[in-house]
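Here's the structure we're looking at; comments come further down.
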Amino acid sequence: MERNLKNVLVISFGFLLLFTAYGGLQSLQSSLNSEEGLGVASLSVLYAALILSSMFLPPILIKKLGCKWTIAISMCCYIAFSLGNFYASWYTLIPTSVILGLGGAPLWSAKCTYLTIAGTSYAEKAGKNAKDIINQYFGVFFLVFQSSGIWGNLISSLILSQSSTKVEISEEDLECCGAYNCLTDTTNTTGSAKPSNSLIYTLLGVYTASGVLAVLLVIIFLDQIKSDQAETEKEKLEAPSFWSTFLATFRHLKDKRQCLLIPLTMYSGFEQGFLSGDYTKVYVTCALGIQYVGYVMICFAAVNSLCSLLFGKISQFTGRKLLFALATVTNTACIIALLLWKPHPKQLAVFFVFPALWGLSDAVWQTQTNGLYGILFEKHKEAAFANYRLWESLGFVIAFGYSTKLQAYIKLYILLSVLALSMVTYGAVEYLEAKSSPGTPTATKKENGRPHSQETHM
């Protein structure tokens, strides 16, 4: 096997193993650690740490350690979070969430840098276009990586469904499920009955082992970048000072279009936060039990992956406006339906319809928003995508931060309001673009899928 392709596969399967564990754990936090809102509080802290990490750590670590060891050490930060869940408390989960958040940005940045260098290196040897090879490598990476959401959630559901205590949920308890949920520390008395410690430890043991395997895979099989390639990359990293990069992120806000895109970017964090933090808890766990969370999130992950691939391909024919309209209508319909629907175990299929439609919408928000950033700010991509990570992460922080303080219907109204504002400001961006270049409708430009450094899977 060609050496560079071998390294691409090592990174891809390393990320698959790592995010199989993290993705499954993230989906379960609001249900597994519901006491005093510990689970969602840890996720809020995690994304706050990620914001700080994105601004300062990646260039420092990559320059000092190189890509291989930055990836390996950052992966250890994710394992720390799995270990923190063994004895979940404010003293274990919050510190390990900070550690994971700090490791998240260097991990993704080092991965992007490594794959870019590997692609460029192979293109030079083979006499091919570097951009084409790099795109192929990232295509291979996301093909393998995207399935992590399926495997992580499948493991959690298979293990947690082994619980011997199957309790029937009474009609009275079901009244507390849904948009007008009863605000208590536990979601409810029966549906959210916590699995036995032995099952939880088994699940966490599998997740931790998966993370350890990811680290070993990288340490043993991933080649260190050759010194001449590494030096070239270091020079790129050293070119702007850390402060100039930091300030460039905020100077970019002088661009009116960037300011107008803030609501849309934050909405991406809000809607993902609602699905993984609230839908899983007050609808699925409350009415069906925690063992169904994984199956429901598999549905979301599968549809999201397929639609991301589809929309990335068809956006060049349909234009982004039509896709944004599709996502807006779909998401709005879901929000209104969730406000009206009273979840009941007899309506099992409905629990899967919502995440499927949510996955379709999220695929548009991810692929098209990132494509929009790439097209609008082609000359200032670093500052633009730094803003993207900043505002999306802030959306996650707020969504998880108020998760235990507000009832679900209020969160749904907030989602609806932010979505409406997002479409107004997005419309203004398209108007400004059409006005500035009337002869070149930007909607017809080819738009790519998710950015290489996307943090939605963080």
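Cβ coordinates come from backbone N, Cα and C, glycine included.
Taken straight from TrEMBL:
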COMPBIAS  444-458  compositional bias 'Basic and acidic residues'
REGION    438-458  region 'Disordered'
TRANSMEM  39-57  transmembrane segment
TRANSMEM  69-88  transmembrane segment
TRANSMEM  94-117  transmembrane segment
TRANSMEM  137-160  transmembrane segment
TRANSMEM  199-222  transmembrane segment
TRANSMEM  289-311  transmembrane segment
TRANSMEM  323-341  transmembrane segment
TRANSMEM  347-365  transmembrane segment
TRANSMEM  386-404  transmembrane segment
TRANSMEM  410-429  transmembrane segment
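Contact check: the transmembrane segment (323-341) against the transmembrane segment (410-429) gives at least three Cβ pairs closer than 8 Å, residues 6 or more apart, which meets the contact criterion. With Cβ pairs under 8 Å as the measure, the transmembrane segment (199-222) is packed most heavily against 137-160, out of 39-57, 137-160, 289-311, 386-404, 410-429.
Looking at which of 39-57, 289-311, 347-365, 386-404 has the most CB pairs under 8 Å to the transmembrane segment (137-160), the answer is the stretch 289-311. The stretches the transmembrane segment (386-404) and the transmembrane segment (39-57) are in mutual contact, each linked to the other by at least three Cβ pairs under 8 Å (pairs 6 or more apart in sequence). Under 8 Å from some Cβ of the transmembrane segment (347-365) lie the Cβ atoms of residues 264, 267-268, 271-272, 275, 279, 283-284, 287-288, 292, 295-297, 299-308, 310-311, 323-324, 326-327, 330-331, 333-334, 337-338, 341, all in the same chain and six or more residues away from its ends.
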